[in-house]
Amino acid sequence: MELNAYIGRAGTGKSKAIIEEIKEKMKQDPLGDPIVLIAPTQNTFQLEQAFVNDKTLNGSLRTEVLHFERLSYRVFQEVGGLMEQQLSKAGTEMMIYDIIQQHQSELRLYQSQVKYYGFSEKLYEQIQDFKKYAVSPQQLETYIAENNLQTRTKHKLQDIALVYKHLEDRINGEYVSTEDSLQRFIEMMDQSEWLKRAEIYIDGFHNFSTLEYQIIQSLVKYAKKVTIVLTTDGDRDLFSLFRKPSESLTHIEEIANNLNIQLHSRQFLDVQRFIHNDLKHLEQNFNALQFEPIPTEGNVEILEASGMREEINEVARRILRENREQGRRFQDIAILYRDESYAYLMESILPQYDIPYNIDVKSSMTHHPIMEMIRSLIEVIQTGWQFDPLMRLFKTNILTKKFKDSQYLIDILENFVLERGIYGKRWIDDKYFDIEQFRKMGLKRQPLTDEERETFERVIQLKNDVMKKVMLFEEKINNASTAIAFATAFYEAMEAFDLPSQLMTDRDTLDVNGEHKKAEEIDQIWNGLIQILDDLVTVFDDQSMSKTRFLELFDIGLEQLEFIMIPQTLDQVSIGTMDLAKVDNKQHVYLVGANDGVLPQTVTASSLITDEEKKYFQEQSSIELSPTADILQMDEAFVCYIAMTRSRAHVTFSYALMGASGDVKEPSPFLHQIQQLYTNLEVQNIHHQHQAEPLRLMEHPHQTKIALFESLKAWLDDELVAETWLDTYQVMRNDTRLNDGLTYLLSALTYDNQTVQLNPSLSKALYGSTINASVSRFEGYQACPFKHFASHGLRLNERTKYKLENFDLGDIFHRVLKFISEKVNGDFKNLNPKQIHKLTTEALSEILPEVQFNLLNSTAYYRYLSQRIGAIVETTLTALKYQGSHTKFTPQRFEASFRRKPKDQSELLATPLQTKQGIPINIRGQIDRIDTYQQGDESFVNIIDYKSSKYSGTLDLTKVYYGLQMQMMTYMDIVLQNKSRLGLTDMTKPGGLLYFHVHEPRIKLAWNQLSEDKRDTEFINSFKLSGLLNSATSVLDAFDTRLEPSYNSDIVPLGLKKDGGIKSNSKVADEQTIYKLIKHNKQNFIETASNIMDGHTEVAPMKYNQTLPCDFCNYKSVCHVDGMIDSKRYRTVDESINPLEAIQDVDLESEGE
């Protein structure tokens, strides 16, 4: 029984001493008594290499490098005693989840938390923490009973104790956790003859848990000799840099006292690691209160970067430079970080420099395609075949790889399913996946070509293949009722999918292609899946459970799976966190992300038990728990100290001034402390360095091209750029080894999202030799020529979705009102409420099933929406009844179509216009309602357009003038061209151009205004027609029969003053002005169509009233217009003009007679 402690500051040769000591014993007696070197898990590989790489050793059977858990198994192999099944972390969490589900009603505080998957993990961590510090459920219960705790704390501890106790009851005698096996190891240590002959060395730890101290005490008691290495100078002060390892030393001394033996301490004072004085000075004075600054020899550096990406790019360049100029191998370099976002950055950036690396971090398997496939499959069953999980299942491409162009087929399937709203068992109903159904997909209604038919057949085959697998999986799962049956069913389903052989084939292919990391991932995923199934069987065996419970437990297990990647090569940069990474004696260590808030880190408690509760527990029970946040905060300087003393020759600190999300960051206060140690240690700004020495950016061809691009871009923007970059461009352009992709990259220098004017032949090929178009198409061109080009030239369309869009709603109202209008022949004024309701019901039952493949009957929400549509229609008809009772105009036509060649007498003729190039312009469309009024030989016509949006239902004469609103003038022109077809006299004149807002009014009144008359008034006013009226006195009273002096109409935008004159707020114009607006509108058509055929496709949106069409445009991702830098492209409207005055310059010639 012997206990030794090797203590000393970092780099004083403690670890070297024990390794040399072990090597010497191995040389002297290779078959002697056992030697065990205990180290943290992440350090065992490095220490094994120290022995394997020593050429003076010819092999030995006596030395093993183990961590505590592996040591316990080594003893169990000798003495037995561990009969129970080992329970993994995932298995324990599943058991905890099952316990809290069963005992939910008994929980005091956490009753509402049990449904959250992450809660079982929190409980696991807390219980594991208790076990590490030897706190049993009984001790917890005693503590709760004997102390007057706050209600919340009491209930919290009662809940944890309840789960902990049930967990122990389940585990006891059948299973064993890691902590339990270590406890058993302590109990059985005295039976091991192998251990009694062993010499134990413990290195790489700074502190231990209570359980580990108990193991150390037993090792000292039963082993021949125990030697512990601690990095400390022996200072026991609470605020000492070495507080943590000094506290461990105190515990080791207590162990010696407990066993009544002497602790042999050996202090190491001579610094051996550092080969440069400035590194020695850094280690010796980092925590010194008094020191003498010295000049740095360039082996301690501090780099300042504008952002994190620039920081890692610079580190990568420096590593390549060291490798090339100093012959330094990658394995002699390490990068330590603390902010997790740096890990993702390095995984992204280092491969661009072809730098081999190994990052010592476990990553979740959750987002791997194989895992996503499994979890999506589970969610499909849980949600009853909902769209989202099913499409995720398809898109993983795991089950569909055997199909050629599977991703393309899946895209088509997604478009089709989105459009048709396929859900649930409709996925396996052939009538929804008939080839003819695909013919109707999107905007296409033409017969299918043979190629399209063959593609759609392959889509259906792919869908059917996957659905058979889903049904097989569901069937097997549905037939199970116990855990073992569920696990068996799951495995059999995977076998039926041929998944194991497919994955092994994929793995072998990746290995052959040199992608060993991806190949290893597939192995780990499959082994992980099998492990979770094993855990489920181990924990629950033949226990009865529901399908839902099994899938929940299985998903919890999958959440715990992580990749543990072993190094793929020996010569690679080591990357790890400052807290855990074990990198010793490297030639160069980079400490990246040395920012305030990271180093030192702001430590916050994340466990279920707060720091205050921990402290009170420790005070009252004298039981030590894991360190609180304030204790951990005190050890932050020690974290920095350990990280920066890992290098023998060079240490570089770096920090960024801006975080990943654009937040401002400050350098670590430790850096200022380090700067004070030297007389000449200056912060090196990376950007300034590169400006002064551009060659420092040229370490790798790929990255040099990017830097070249940025420099040439600055040069084109008239910034000062070093001539070096122009020389670099010439060299790279003329070197076939370096110019790959250079032309493509440099083309972005002069990229401008300017479109090219189409030549006449191309315009004709796109648009045809005749323009057949609706009014809205011309309005769209006026809003932005490129939008017109994208939608009508390139014919780009968003995929149709199975949901009610605004335009669908407008179409429904139009069709319903047409149906009812024709039924009553426009006689709204004589309808009573009963008739209105009956007509509405009849119209909806006729029309709604035809909307979006019966969308409005698909869900409860849409059925409710159907009722709301009915209510709006009834409200609208009530308003139309009121308006019809107070006007002399009578409805004559509803939904009157017009085109160049009318199909029959019911359609109107649209006389073709002609572009400047002589190309015919055939306008087509549909007028919602035409009202007429006859007075002697004169006829007046009202155009009524139904709008479901108040915004679009306003006639803006400025927009009319600029061609942004062409509809109403076009409709009036068409009607005036078709007098005979409409049965009107030759003296037919324009009456009103009016919009009717179809809606359900929301009337807001104060309590003192709440009366039936006031409500009715507000109701009628909300339906008031908007637009423009003919100001001729012969027609004014026809608009509203109640019109008289001092009267404001509540059905049209018209009012009279006391003297009978028209009020200024009335929306009126004289007859000649209306004709001039119509003619100007025609000119807009000709101008617009001419520009279209001239090939104008400019990205030139028209800005009006501080609004851009871009705000509502679907093509922004195509034109790349940027509101910040493309404002010069906007066309603007002169909003100061009076359109009615500006229009007076139009020469009507013979029109309007």
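Placed from the backbone N, Cα and C atoms, the Cβ positions cover glycine too.
Site annotation (Swiss-Prot, ligand [4Fe-4S] cluster) includes Cys784, Cys1110, Cys1113; from Cys640, Cys1119, the additional listed residue is Cys1119. Closest in space to Cys1110 ([4Fe-4S] cluster binding site), of the binding-site residues given as Arg9, Ala10, Thr12, Gly13, Ser15, is Ala10, taking the CA atom of each residue. A count of other CB atoms within 10 A of each Cβ picks out Cys784 as the most crowded of the binding-site residues Ala10, Cys784, Cys1119. Cβ neighbour count within 10 Å across all protein chains ranks Ser15 highest among the binding-site residues Thr12, Ser15. Cys1113 ([4Fe-4S] cluster binding site) and Thr12 (ATP binding site) have their C-alpha atoms 68 Å apart, to the nearest angstrom. According to DSSP, Gly13 (ATP binding site) is assigned to coil rather than to any helix or strand. Per-residue confidence over the domain 'UvrD-like helicase ATP-binding' (1-289) averages out at a pLDDT of 89.
In the three-state DSSP scheme, Cys1119 ([4Fe-4S] cluster binding site) falls into the helix class. Other residues of the chain with a Cβ within 8 Å of the Cβ centroid of Gly8, Arg9, Ala10, Gly11, Thr12, Gly13, Lys14, Ser15, the ATP site, are Lys16, Thr231, Phe268, Val271, Gln272, Arg273. Cα of Gly8 (ATP binding site) to Cα of Cys1119 ([4Fe-4S] cluster binding site): a distance of 66 Å. Within the same chain, the residues at least 6 positions away from Gly13 (ATP binding site) whose Cβ sits under 8 Å from its Cβ are Phe268, Asp270, Gln272, Arg273, listed in sequence order. Thr12 (ATP binding site) sits 64 Å from Cys1119 ([4Fe-4S] cluster binding site), taking the CA atoms of both as reference points.
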